[in-house]
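Below is one structure; the comments refer to it alone.
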Amino acid sequence: MHPAPSLIFFTVVSGLGFGLLAWLGLGVVRPTGWAAFWWFGLGYGLAGAGLLASAFHLGHPERMLLAFTQWRSSWLSREAVLALATLAVMAPHAAGAVFWSNPLPGFGLVAAVLALATVGATSMIYAQLRSVPRWHHWSVPVLFVLAALAGGALLAGQGRAGLWLLLALAVVMVAHWQIGDRRFRGSGSDAGTATGLGGLGAVRLLEPPHTGSNYLLREMVHVVGRRHAHKLRLIALPLAALLPAILMLLAPSWPPMLVLAVLLHLAGMVVARWLFFAEAEHVVGLYYGRR
Amino acid sequence: MTTLPASTSRKLGLVIDLDTCVGCHACVISCKGWNTEHYGAPLSDRDAYGAQPEGTFLNRVHSFEVTRKDAPPMVVHFPRSCLHCDDAPCVTVCPTGASYKRVEDGIVLVNEDACIGCGLCAWACPYGAREMDADAGVMKKCTLCVDRIYNENLPEVDREPACVRTCPAGARHFGDLGDPQSAVSQLVAERGGMDLMPEQGTAPVNKYLPPRPRDQLGAAGAQAPDLAALCDPSTDGASGFLGWLDRALERL
């Protein structure tokens, strides 16, 4: 799949923002006054920036409000509704903490659940797609929610919890890659089933339908990511999970160390998320003799 | 609503005969023509006369080679377009309600005024049936020529999809696949019509008819072709007048 920068930025940054909001909503840290202003501001800023970025890849962003209507069937719509609900329900909790030094934990708790549900809905946008076998698996929601929780823990200054979450994230990242590598073959789709001619013999593309490129090839057939998948995994795993975990082992509550861990984690997640898109193969590639 | 209807009154769709398709791409062109001039945003082209032309098409023809065991390889031309699936994943993922499946005839359509151009429906389709138009920024897909099949301004013979109307080989058939008595349903039953990628769980309405078995050398009843006709003519053993003529002409 085409690794669109807007989608990578959106999923990583809004995931981190909602992760931080979940920790703040749970009341694990209870900042008040200016500290609360900056902390909640960071959470709202990251979550909001990610949502805005996601609007950039739309053909008609001016019709965006319609995306709140189809929550009954569409995970993308559910995500939009949940994201807005999280920001709205968190507001009394945040405002209470900032202006009256009096957070409202009830609102915070509900908002924390909504924040994690939002990240879950984001992941389901990808995990629901049977046409992309690598994504159509439970490891995707686990990966997204764990990444949000781990990144959020670092931003919320929860080094100890962050350590365990980062280790869990590392395990799930490796599992997602290992399982993902077998998903396409396991899906049962090949050139034979795509054309229905598999029963006659081995099917290969003789002539493509067009000599140039098209929307399908640009959007869904991406080869560069898979060629370098191994190297990118070796870059993403230490950056996103292992190095921040080591930092959290050394000094879990020293602010500069937390900042460094967040930056490493963020860089690693960008690489991992780029790979998440770039190495995912869509079954439509079978019609073009490439994947 | 982008939830799918529990059932549709009819299941209008296409039956495509892979045995007769000659791969001429006439259906591709007639589809592009009709759908550029009629329903919804036109199907745009980019860099049409340049080095890297590309455009939006709702129907494309691939050619595949099938390597068979103990038989010569076979070339199969393969038109690919929307299958108007019963369990269409492109419809349910749509966040705005722009994508829908019609209860009255099962056609899957896009309301272009509500499409935000997020592209998720194209990702959800295993068959590559949907293409985002680069100029209009909305999703385009086969409408089964909904503006032809019910169009009383057209002569009755033209009230079928443009691709079907134009196919010079008669490889494309249009009808109600929900009615077991319809001509297309009978054709599917007779020829063993098949679904594409059934493992994707989309329950396509459109069916493909597999190529018929070809005659085989040495098979019972099949006459071996006259291979001698392909060889150089031999004059070994020619004698008498013909032998003399052969030798005389050879010397010229």
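Cβ atoms here come from the backbone N, Cα and C positions, even for glycine.
Note that the structure is predicted; figures quoted are calculated from it, not measured.
The transmembrane segment annotation in TrEMBL covers A:7-26 (among others). Tertiary proximity for the transmembrane segment (A:7-26) is limited to same-chain residues at least six positions away from its ends with a CB under 8 Å from its CB atoms, namely 39-40, 42-51, 53-54, 57, 83, 86, 90, 93-94, 107-113, 115-116, 118-119, 122, 144, 147-153, 155-156, 158, 266, 269-270, 273-274, 277.
With a threshold of 8 Å between CB atoms, the same-chain residues lying at least 6 positions outside the transmembrane segment (A:38-59) that come near it are 4, 6-7, 9-18, 20-21, 24, 29, 31, 83, 86-87, 90, 94, 97-98, 115, 155-156. Under the heading transmembrane segment, TrEMBL lists A:38-59 (among others).
As annotated by TrEMBL, transmembrane segment applies to A:80-100 (among others).
When Cβ-Cβ distances below 8 Å are used as the criterion, the transmembrane segment (A:106-126) is approached by residues 11, 14-15, 18-19, 21-27, 47, 75-76, 78-79, 82-83, 85-86, 89-93, 96, 132, 135, 140-141, 143-145, 148-149, 276 of the same chain, each at least six residues removed from its ends. Marked as transmembrane segment by TrEMBL: A:106-126 (among others).
Taken from TrEMBL, the feature transmembrane segment covers A:138-155 (among others).
Sequence annotations record features per position, and here TrEMBL assigns transmembrane segment to A:161-179 (among others). With a threshold of 8 Å between CB atoms, the same-chain residues lying at least 6 positions outside the transmembrane segment (A:161-179) that come near it are 28, 137, 139-140, 142-143, 146-147, 149-150, 153-154, 233, 236-237, 240-242, 244-245, 248-249, 252, 261, 265, 272.
Positions annotated as transmembrane segment by TrEMBL: A:234-251 (among others).
Annotation source TrEMBL lists transmembrane segment at A:257-276 (among others).
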